[in-house]
Ligand SMILES: NC(=O)C1=CN([C@@H]2O[C@H](COP(=O)(O)OP(=O)(O)OC[C@H]3O[C@@H](n4cnc5c(N)ncnc54)[C@H](O)[C@@H]3O)[C@@H](O)[C@H]2O)C=CC1
Ligand SMILES: O=C(CO)[C@H](O)[C@H](O)COP(=O)(O)O
């Protein structure tokens, strides 16, 4: 299959590489010319603009957007729209709000798939988990690409109608916040508590057979190994927060109690309001975990 990919950052580059490795052809565009040059070296064809990308794809276009949520998605779609017909398929693999995805699906001529993507840059080797909403025929049409980008056939599924993919990803991220908070609180107590413990050893031991083993816990182990038991100069400043905010807003709208997700989100906001960089161990771990799974910048204490 020939796939157009718009957005070649941390995640889009992986979409390109995994598609090329699976034998698909890729036409690629990014506002950053260096990012385009890099994927050309890897075997993709460069496009000079979204319009050029659309022209190069010919009929029955398949396009994957992997740009930051919000205005960048609308900008790319505005440029694509004049070139789209009902036989074309557009995938938005970013963290868009599900209501934006429904709006975009209704506005475009093409079949629109909202694709929640999880796995972060580690997905380069493992493949991603993909949660997809939108028309069934478009999902089936794109299945060879989803097989390549995901961990395999079990790493993706159609969640339901338009918006459901990004809805499931939004809730996934709420869960992600709460799990990070839970691990953070546990390690904070161990760090401040009665025993002189080796944090990396605790994480490793828990991750071998314990009930609470997980990838996030493996990333806790990595954080302690790379930063030290006290997390070195990692600050208590936790960035991000949009998807968790949406999760809490939706929980309120549906009258579903989500106190753990809200508490984790509130901890983030407070870390930004009070942040002298010295504070809570749990927040410092959350800050470092965001680097572990997403390669998000780590806020560090000023010396
Ligand atoms: N980093 C992560 O772990 C994860 C990120 N996501 C989502 O995936 C999407 C992309 O994330 P990243 O790759 O991490 O971001 P990134 O910042 O590494 O890359 C974004 C790329 O999009 C390009 N871009 C921006 N506007 C553009 C436009 N109008 N036309 C063409 N290119 C444009 C930028 O130049 C950049 O290369 C976001 O929605 C993000 O929330 C989803 C899951 C995990
Ligand atoms: O979707 C993701 C992981 O699943 C991204 O890494 C996202 O950026 C995480 O959310 P936040 O930036 O609010 O911590």
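Even glycines carry a Cβ here, placed using N, Cα and C.
No curator has checked TrEMBL annotations; they are predicted automatically.
Record features, source TrEMBL:
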- 169: active site, proton acceptor (ACT_SITE)
- 176: active site, proton donor (ACT_SITE)
- 7, 8, 9, 10, 11, 12, 67, 68, 69, 95: NAD(+) binding site (BINDING)
- 95, 118, 119, 120, 172, 173, 177, 268: substrate binding site (BINDING)
- 165-303: domain '6-phosphogluconate dehydrogenase C-terminal' (DOMAIN)
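What TrEMBL annotates, mapped onto the structure for a quick look.
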| residue | record | DSSP (3 states) |
| --- | --- | --- |
| 7 | NAD(+) binding site | coil |
| 67 | NAD(+) binding site | coil |
| 118 | substrate binding site | strand |
| 169 | active site, proton acceptor | helix |
| 177 | substrate binding site | helix |
| 268 | substrate binding site | helix |
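Proximity of the recorded positions (7, 9, 176) to ligand 1: a Cβ under 6 Å from the molecule is found for 7, 9. Close to residue 11 (NAD(+) binding site), meaning Cα to Cα within 10 A, are none of the recorded positions out of 95, 169, 176, 177, 268. Long-range Cβ contacts of residue 7 (NAD(+) binding site) within its own chain (separation 6+, distance under 8 Å): 30, 65, 66, 67, 68, 72, 76, 94. Annotation: no recorded positions among 9, 69, 169, 176 have CA atoms within 10 angstroms of the CA of residue 119 (substrate binding site). Within the set of recorded positions 9, 119, 169, 177, 268, no residue has a CB atom less than 6 Å from any atom of ligand 2. The local packing around residue 169 (active site, proton acceptor), expressed as other Cβ atoms within 10 Å of its Cβ over all shown chains, amounts to 27. Note on proximity: among 118, 169, 268, the recorded positions of the record, the Cα nearest residue 9 (NAD(+) binding site) is that of 118. The CA atom of residue 177 (substrate binding site) is located 19 Å away from the CA atom of residue 69 (NAD(+) binding site). Of all the recorded positions given, namely 95, 169, 173, 176, those whose Cα is no farther than the 10 Å limit from the Cα of residue 69 (NAD(+) binding site) are 95.
Each of the binding-site residues 172, 268 was ranked by the number of other C-beta atoms within 10 Å, and first place falls to 268. Taking every pair among 7, 8, 9, 10, 11, 12, 67, 68, 69, 95, the residues recorded as binding NAD(+), the greatest CA to CA distance is 15 Å. Calculated from their C-alpha atoms, the gap between residue 268 (substrate binding site) and residue 169 (active site, proton acceptor) amounts to 19 Å. Computed over the domain '6-phosphogluconate dehydrogenase C-terminal' (165-303), the whole-number mean pLDDT of the model equals 96. Within 10 Å of the C-beta atom of residue 120 (substrate binding site) sit 21 other C-beta atoms, taking all shown protein chains into account.
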